[in-house]
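*Asks:* Submitted below is the structure of interest, expressed as structure tokens.
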Amino acid sequence: MFDLSLENCRVDRDLTVNIGVDDGKIVQISRGRIDASEKIDLKGYFVLPGLIDAHVHFRDPGLEYKEDFRTGSMAAAHGGFSTVLDMPNTVPPADNAAEFERKIRIGERKSVVDFGLHAGFRSVSDVKGILRFMPASFKVFMDLTGISTVDGLFRELKDLSAPVPVTVHCENRDVVMKSMKELKDRSDPSAYALARPPLAEEVSVAEVLALSIHHEHPVHICHLSTVKALQLVEPFREYVTCEVTPHHLLLDSGAFRRFGTMVKTNPPLRPPESRIYPEFLDRINIIGTDHAPHGIEEKRKGIWDAPPGIPNLEVVLKLLLTLVSKGRMSLSTIRRMLAEEPARIFGLRSKGRIAEGMDADFTVIDLKETGRIRSDEFYSKAHYTPFEGFSYTGGPVMTIVRGRAVMRDGEVLEGNGRYIPAEHDGKHGSA
């Protein structure tokens, strides 16, 4: 007898099955009866593999007043995510073996959902030590560092025969600094978008592509925000994957007039003529929330002083399911971009698919649920969103991590999140 049977699971348009779970793993998928000590009837719902957010900032350690691993992971569970990958820019950053290991211990102590970690990059001397902990990637910010420094990371990974991808924030530092200097006397929110123009992103993408091709090493480009940047990436899919965020997908630079600094983010929201739309999703690998919470008083500062970032974990699935209800995307696209591809790109071999032998991670959704997005219902410490009041159709009703429900009907329950080491096989480009 198994631990758990999930019954009447609609896992595809025309396929309903029962799923047996034992010791946190999927052990049987059948249309027949499954004996289990606990049964959950999911008739009327749609069951996806547990969703994976490959781009979150939980601010822990050092900036816990913004978010920490407990509140961030609760927000993830509330939003329908069973696994997250946290970025390294904490205080201190996770850019050496000691701090990387410390962050693992923090997550294991606090997290409700499973998690992996992106490593920061400080110097080539730290790379080998971090590799022992099997990071999801090494993250670099091109707006903060030079091309020669990043080239050193590529060389070190190649010398160590380590197929760990380099994840990149693409904005050219020189273009940004020049533009900001020219616009520093303006105080209107729209000036920020002009200070980090599409050219900064596109030049940086081209530089990173050159490094990836030269070293024959995998690269993942975060939060693409312009069509031209996407066009640059497309011919080089052997080594390069890419991501879009919900705010770049659903908002444009006109949102500055309504929301001001609440929508300040890097890269900034783009004009309608250059932004990425849902119709482009078949050309992009994953959707990452870039969940980047801050204190509300920080976000109310002036355009040059307010920190960039938008909290998205608890809204993205509702927003995407609303697009599904309008025929602008499909459930199979959600499954690909928020489960299958993040697991493949970042080496989460036991995640991302509903199949025997995989972790028993599931996101259960009600396609008929309707409502309005309310930030006062968030589990995140960041109780604000530019999507406040948006009407939605479809939402998560249960999040299951290794056979354990960590969210039911909007209530987050106790969890036992684990660190998931990444197992990279070097097959990084588009599947």
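Yeah, the Cβs are placed from backbone N, Cα and C, and that goes for glycine too.
The feature active site is assigned by Swiss-Prot to D290. The Zn(2+) 1 binding site feature in Swiss-Prot is assigned to H55, H57, K139, D290; the stated evidence is sequence analysis. The substrate binding site annotation in Swiss-Prot covers H57, F58, R59, N89, H294, P308, G309 and is backed by sequence analysis. The Zn(2+) 2 binding site annotation in Swiss-Prot covers K139, H169, H223. The N6-carboxylysine feature in Swiss-Prot is assigned to K139.
So where do these features actually land, and what's packed around them?
*Replies:* The number of other CB atoms found within 10 A of the CB of D290 (active site), across every protein chain shown, is 29.
Counting only residues at least six positions away in the same chain, the Cβ atoms of E67, D86, M87, N89, D290, H291, A292, P293, G309 sit under 8 Å from the Cβ of H57 (Zn(2+) 1 binding site).
G309 (substrate binding site) carries neither a helix nor a strand DSSP state and counts as coil.
In the three-state DSSP classification, H223 (Zn(2+) 2 binding site) falls within coil.
Taking the Cβ of K139 (Zn(2+) 1 binding site) as reference, residues of its chain lying under 8 Å away and at least six apart in sequence are, in sequence order, M87, P88, N89, H118, A119, G120, F121, V166, T167, V168, H169.
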*Asks:* Using a 10 Å radius around each Cβ and counting other Cβ atoms from all shown chains, which of the binding-site residues P308, G309 yields the largest count?
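*Replies:* Neighbour-count leader: G309.
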*Asks:* Neighbours of the Zn(2+) 2 site K139, H169, H223: Cβ within 8 Å of the Cβ centroid, same chain, sequence order.
*Replies:* H55, M87, V140, F141, T167, V168, C170, I221, C222, D290
*Asks:* Do me a favour and check the Cα-Cα span between R59 (substrate binding site) and H223 (Zn(2+) 2 binding site); whole Å is fine.
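*Replies:* One finds 19 Å between the Cα atoms of these residues.
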*Asks:* So which other residues, same chain and not among H55, H57, K139, D290, have a Cβ within 8 Å of the centroid of the Cβ atoms at the Zn(2+) 1 site?
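*Replies:* What remains near the Cβ centre is V56, D86, M87, H118, C222, G288, H291, A292.
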